[in-house]
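Before any comments, here is the structure.
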Ligand code: NAD
Ligand code: IPM
Ligand code: MN
């Protein structure tokens, strides 16, 4: 019995999480696995119901589970609340921090059927398989923050970008380990020509390189990296980077795969891991059965593999996704001429049907 906490959240969250759950149930039936699901409130939905975006009860449900599957949080309705009550700063960031999830794995893999779906040329993206590891509980997001009124009028707003040796070393080690299991190339992305935190980051990464002689380590400035990801993304294997750099670079990388609706993620480092698509609550398409459920379904597959060690089950879900894309089924975000357009629920139906036919 695997215990999963479900946190649908806001916007398209409550549409995509039930779809991933249907896929989990289908794969569970096929392989005779039982999942115990417990749903809890987070984000704007939690604020509306309880007055706080991250209720204690939600944290307890997560801590009492073997893994957490999250949709997305936030939306215009809650944008002007006090910072600690806003879904992003009051719920998602504290949840990651409290669960100790310092490493966020964001694989950007181009599905063969979608090599022509990217806005980039096919030969640039075809066969792409990179892993961006985003530091998730430090950096600019978690530094000091304050505002002050200036005597002459106006205000000053301050954020600090802080990292310790320990914080860099643990995520760097994971980067080396992951690279070792892949194509053995690690690119550490920083802004060491300007930022002191990046100088420390680079020194710490460099100091570990001797322990991984089989991994080819290189360093790249984040501005160049953004450009290189568009120019020639296949030069990379594993990348490690600071929290906010990773946030920005992974949205960019998602577009190489065709859509942000395709990119799953796993946040690791604590007792219980958290899985979520990298996209947000997509208020512009919420409630219309338009969201691509694949990023969430693939996040559930990452959960099966990483948290539960269910490799066959994870691979079966990934094969089913591959198959429906190959069959020409598309949600609006990855729609192409001559293909069949499906809604959120119908795309999931297709995945479940492919899973049923899988050998
Ligand atoms: P977003 O990722 O929600 O949406 C960006 C664009 O991508 C939109 O046009 C949206 O329709 C599209 N999109 C996103 N996911 C899609 C999917 N599964 N299928 C099809 N299209 C999809 O980013 P945003 O608009 O900048 O932010 C909206 C809200 O989400 C904000 O409140 C933001 O803070 C929040 N957010 C939350 C998370 C999270 O919970 N992890 C992540 C990012 C943004
Ligand atoms: C993400 C999101 C979040 C982040 C926001 C909503 C706080 O953009 O998960 O990528 O920046 O980490
Ligand atoms: Mn983001």
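Here the Cβ of each residue, glycine as well, is placed from N, Cα and C on the backbone.
In TrEMBL, annotation is done automatically, which means it is predicted and not curated.
Quick look at what TrEMBL lists:
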{"type": "BINDING", "residues": "75-88, 280-292", "note": "NAD(+) binding site"}
{"type": "BINDING", "residues": "96, 106, 134, 223", "note": "substrate binding site"}
{"type": "BINDING", "residues": "223, 247, 251", "note": "Mg(2+) binding site"}
{"type": "DOMAIN", "residues": "3-351", "note": "domain 'Isopropylmalate dehydrogenase-like'"}
{"type": "SITE", "residues": "141", "note": "site 'Important for catalysis'"}
{"type": "SITE", "residues": "191", "note": "site 'Important for catalysis'"}
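Known features from TrEMBL, placed on the structure.
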residue: 79; record: NAD(+) binding site; Cβ within 10 Å: 11
residue: 83; record: NAD(+) binding site; Cβ within 10 Å: 10
residue: 87; record: NAD(+) binding site; Cβ within 10 Å: 29
residue: 134; record: substrate binding site; Cβ within 10 Å: 27
residue: 141; record: site 'Important for catalysis'; Cβ within 10 Å: 20
residue: 223; record: substrate binding site; Cβ within 10 Å: 13
residue: 251; record: Mg(2+) binding site; Cβ within 10 Å: 15
residue: 282; record: NAD(+) binding site; Cβ within 10 Å: 23
residue: 286; record: NAD(+) binding site; Cβ within 10 Å: 17
residue: 290; record: NAD(+) binding site; Cβ within 10 Å: 18
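The Cβ of residue 96 (substrate binding site) has 23 neighbouring Cβ atoms from other residues within 10 Å, across all protein chains displayed. According to its DSSP assignment, residue 106 (substrate binding site) is in a strand.
Only 247 of the recorded positions listed as 96, 141, 191, 247 bring a Cβ under 6 Å of any atom of ligand 3; the order follows the sequence. Take the recorded positions 106, 191: by the count of other Cβ atoms within 10 Å of each Cβ, the lowest one is 191. Taking the Cα atom of each, residue 87 (NAD(+) binding site) and residue 96 (substrate binding site) are about 13 angstrom apart. Listed in sequence order, the residues 222, 226, 244, 245, 246, 248, 249, 250, 252 complete the 8 Å Cβ shell around the Mg(2+) site centroid, once 223, 247, 251 themselves are left out. Rounded to a whole number, the C-alpha distance linking residue 223 (substrate binding site) with residue 251 (Mg(2+) binding site) is 15 angstrom. DSSP assigns residue 87 (NAD(+) binding site) to a helix in the three-state reduction. Cα of residue 141 (site 'Important for catalysis') to Cα of residue 191 (site 'Important for catalysis'): a distance of 16 Å.
Between the alpha carbons (Cα) of residue 83 (NAD(+) binding site) and residue 191 (site 'Important for catalysis') lies a span of roughly 28 Å.
Cβ-based neighbour count (10 Å, all protein chains) for residue 247 (Mg(2+) binding site) stands at 18. When pLDDT values are averaged over the domain 'Isopropylmalate dehydrogenase-like' (3-351), the model yields 98.
Counting in whole angstrom, residue 106 (substrate binding site) lies 10 from residue 247 (Mg(2+) binding site) by their C-alpha atoms.
Only 247 of the binding-site residues listed as 247, 251, 290 bring a Cβ under 6 Å of any atom of ligand 2; the order follows the sequence.
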